[in-house]
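> One structure, pasted below without further comment.
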Amino acid sequence: MNPMILPGATLGMLGGGQLGRMFTIAARTMGYRVMVLDPDPISPAGQVADMHLCADYQDETALSQMGRECAAVTTEFENVPAQTLRALAQHCPVKPGAEAVEIAQNRVAEKSWLHAHGFATAPFAVVAAPAEIAAACAQVGFPAVLKVSRFGYDGKGQARVASLDEAQAAFAAMGGEVCVLEKMLALECELSVVLGRNEAGACALYPVAENIHEAGILDISIVPARVEQTLAQTARATAQAIADQLGYCGVMAVEFFVVDGGRLVVNEIAPRPHNSGHYTLDACLTSQFEMQVRTLCNLPIGATTQHTPAVMVNLLGDLWGASQPNWTALLQHPAAKLHLYGKQSARPGRKMGHFTCVDASLETALALARTIRAQL
Ligand code: ADP
Ligand code: MG
């Protein structure tokens, strides 16, 4: 087991997006120094880090500097090349490890791993060439979703298809990339579980989040999820079993679909903090980003206790018209907390920030969140 890494040490973060930014803030709050690697000169995390290496994820000079100067390295996105994680692991602890990230960054590997380990997924077939589409459609049935195996996020790299013709056109539009064709399920709701797991195998689970998506992008997370206790407990136990079987170390999230009157299907695994866990910044004793620091540094794992019901709303670039959203409508509510990520340009669908509403009554928090959003 690696020794504890105490405050004052430098931690490495691969990726400069909002998740890296919130990790950096949590780490610096605890007295660590943070080095961020991201090719974007004005990345959200680079802005708030002690050091920003502005270089590609495979840049050998940058990686060797990171390996030399950091006591441990983590990541904020699943698309970091596994080779980068392996190279860094020769110098210092890297969490999560390359094996887990390799599974989560590739939908074929991910669904195959889940299937092989007995976790239910939506029925799917791999499509690697045009000649395989007809058999995949026959196996999966319609309606279906074609998803590119790598680099998809926020509903990008996905197409809903209702016929063989549409599936063929969608596959051609994906540019010849390997895809999975997945059965379109009638969702009763979507849930997620964020957890931290340390080297000793201790697991700290957050409450189950209920997630509402718009156009494939997370819109609102409601926590705790308004589902039966037994279903929530099954979701948490399943997420923990996945982490255990992966031998996972760090923070991860499991996204679930609820179908058929309360049956859980695993949608995907995120080897990092998750958008549906942002509420933990304002509603839990240990945020998911502090949890990432704690698991990275081998500190005691931390308490996931939620001290108030919470509703998180994403702020997408669509809200930025010619001017900024109406922040006073939000800031005047003492039960609402604003988080902005420091992104310079707002584009439709781009995650610019989020806000969280808290109240002793979950329904009141949800109503307030909806009222505020309508006023922005
Ligand atoms: P991403 O990596 O973009 O988050 P997901 O596979 O999680 O991709 O899909 C995004 C969203 O699209 C899901 O949260 C869900 O709302 C919807 N979706 C994806 N796959 C299915 C499916 N098989 N059946 C029904 N809805 C789906
Ligand atoms: Mg998803």
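Cβ coordinates come from backbone N, Cα and C, glycine included.
A TrEMBL annotation is a machine prediction, not a hand-curated record.
Remember, predicted model here, so these are calculated numbers, not experimental data.
Dumping what TrEMBL says about this protein:
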BINDING   Arg107, Lys147, 152-158, 182-185, Glu190, His213, 267-268  ATP binding site
DOMAIN    111-297  domain 'ATP-grasp'
> Out of Arg107, Tyr153, Glu182, Leu185, Asn267, which binding-site residues have CB atoms lying under 6 Å from ligand 1?
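What lies within reach of ligand 1, judged by Cβ under 6 Å, is Tyr153, Glu182, Leu185, Asn267.
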> Work out the three-state DSSP category of Arg107 (ATP binding site).
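SS state of Arg107 (ATP binding site) = helix.
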> When a 10 Å sphere is centred on the Cβ of Tyr153 (ATP binding site), how many other Cβ atoms does it contain?
13
> Out of Arg107, Lys156, which of the binding-site residues is least crowded by other Cβ atoms within 10 Å?
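Comparing Cβ neighbours within 10 Å for the binding-site residues Arg107, Lys156, Lys156 has the fewest.
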> Averaged over the whole of the domain 'ATP-grasp' (111-297), what is the pLDDT?
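The average pLDDT of the model in the domain 'ATP-grasp' (111-297) works out to 97.
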> Near Asn267 (ATP binding site), how many other Cβ atoms are within 10 Å of its Cβ?
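Looking across every protein chain shown, the total is 20.
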> Taking 10 A as the limit, how many CB atoms besides its own sit near the CB of Glu182 (ATP binding site)?
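That number is 21.
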> Are there any residues in the same chain, six or more apart in sequence, whose C-beta is under 8 angstroms from the C-beta of Leu185 (ATP binding site), and if so which?
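Listed in sequence order: Ala122, Phe257, Val259, Val265.
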